[in-house]
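Below is one structure; the comments refer to it alone.
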Amino acid sequence: MVKVGVNGFGRIGRLVTRAAFNSGKVDIVAINDPFIDLNYMVYMFQYDSTHGKFHGTVKAENGKLVINGKSISIFQERDPANIKWGDAGAEYVVESTGVFTTMEKAGAHLKGGAKRVIISAPSADAPMFVMGVNHEKYDNSLKIVSNASCTTNCLAPLAKVIHDHFGIVEGLMTTVHAITATQKTVDGPSGKMWRDGRGAAQNIIPASTGAAKAVGKVIPELNGKLTGMAFRVPTPNVSVVDLTCRLEKAAKYDDIKKVVKQASEGPLKGILGYTEDQVVSCDFNSDTHSSTFDAGAGIALNDHFVKLISWYDNEFGYSNRVVDLMVYMASKE
C-alpha cells in the first residue's frame, strides 16, 4: 500500500485523509500544515459541518496525530522543500494547499524525499489526469501530476461518453457551484476579480472557471470545442454541471440516457453515476462519484442539440479521486 503525505490540512487535505481511511486503499503517514497545530488538527478532522463527525477515533499522542490507532507524523513547515517526507516514509505527497500548483513549486516536495506529487488542483504546466477519462495515459516517468479540478472531474467523464457515442461538435458548460474557501463571508476586497469578493451567502456570483477548457487537455479531440463559466451560489457543498452541446450524430434523449447508464454500470462504475430519481443537491452530500447524470433534468431541443445535467460533491467526490489516482499510479511502479 502506497505511503502518503498530505500538505495542507484544509477542506481537500482533510477529506483526502478521510477518503483514505474510509477506503483503506492508501496509507497516510504524514501531514504538514504550518497554520494548524496538532490539537487543532484533531478537532478539525473529527468535526465537519458538511460531512458530519468522523466515524472513528482521533487523538494527539506523543506529538503525532492518531487516527483509528494509526500514528501520523506532523510537520509545520511553510517551505515545502523543508518537509522531511522521506523521514516519515511518505512516498507520494498530496499537494492540497492550493498554493504550490506549478511543476516548479510542487517539485519542492521531491527535495524532502517524496517520490511523486499529486496536485489537488488544476495546474498551469503539470500533466492533468481525470480518473476514467485519461488516467491510463499516466506513465511512471512523471514525478508531478495534477488531479485537475472537481468540475473537470464532473464534466470530463460525461463529455467522454457523449463524444465517444455521438460526437460533440461544440459545447458550453455552466457549473452552478457551491461556496468554497476562496470566497468572502461578507463583501471584501478580491484583487482583480471584483465580483468574487462579494458576500458568498447573499449572492449568486458569476465567476470564471477553466474546467471546460481543461477537458480539452484530458480529451484532446475536444480541445477548443468546450468552454464555460460558473455561478457561485449560497450552498455549502454539492455543485451541478450543465453541459449544452451540439452533437455530430443525431440522438434521441433516450439514446443518450441509455449510453450514460451503460457507462455508469460498466467502464465508469464508481466514477460516473446515473439517476432517474427526483433529486436535489443535498442528496449528493458525501457522494463518492465524480459525476452523477440526472436523467430527468436534461432536455433536448432536437436530435442534435441537448442540455445535459450532472451532479457532484465538489469536496468528497474529488477527494476520493485523488486517492484513486494514487492507487493507480502505485500500480505502475
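The backbone N, Cα and C atoms fix where each Cβ goes, glycine too.
Feature annotations, reproduced from Swiss-Prot:
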- Ser149, Cys150, Thr151, Thr180, Thr209, Gly210, Arg232: D-glyceraldehyde 3-phosphate binding site (BINDING)
- Lys184: SUMO2 cross-link (CROSSLNK)
- Lys3: N6,N6-dimethyllysine (MOD_RES)
- Asn68: deamidated asparagine (MOD_RES)
- Ser146: phosphoserine (MOD_RES)
- Ser149: phosphoserine (MOD_RES)
- Cys150: S-(2-succinyl)cysteine (MOD_RES)
- Cys150: S-nitrosocysteine (MOD_RES)
- Cys150: ADP-ribosylcysteine (MOD_RES)
- Thr151: phosphothreonine (MOD_RES)
- Lys192: N6-acetyllysine (MOD_RES)
- Lys217: N6-acetyllysine (MOD_RES)
- Lys261: N6,N6-dimethyllysine (MOD_RES)
- Lys332: N6,N6-dimethyllysine (MOD_RES)
- 1-146: region 'Interaction with WARS1' (REGION)
- 243-248: motif '[IL]-x-C-x-x-[DE] motif' (MOTIF)
- His177: site 'Activates thiol group during catalysis' (SITE)
Coarse DSSP state, helix versus strand versus coil, of Thr180 (D-glyceraldehyde 3-phosphate binding site): coil
Cys150 (D-glyceraldehyde 3-phosphate binding site) - helix vs strand vs coil (DSSP): helix
Site of maximum Cβ density within 10 Å, from recorded positions Lys184, Lys332: Lys184
Densest Cβ neighbourhood among Lys3, Lys192, Lys217 (modified residues), 10 Å radius: Lys217
Fewest-neighbour residue among recorded positions, criterion Cβ within 10 Å, set Arg232, Lys261: Lys261
Additional residues around D-glyceraldehyde 3-phosphate, ordered along the sequence, whose Cβ is within 8 Å of the centroid of Ser149, Cys150, Thr151, Thr180, Thr209, Gly210, Arg232: Thr175, His177, Ala211, Ala230, Ser239, Asn314
Thr209 (D-glyceraldehyde 3-phosphate binding site) in three-state DSSP notation: coil
Reported mean pLDDT - the motif '[IL]-x-C-x-x-[DE] motif' (243-248): 99
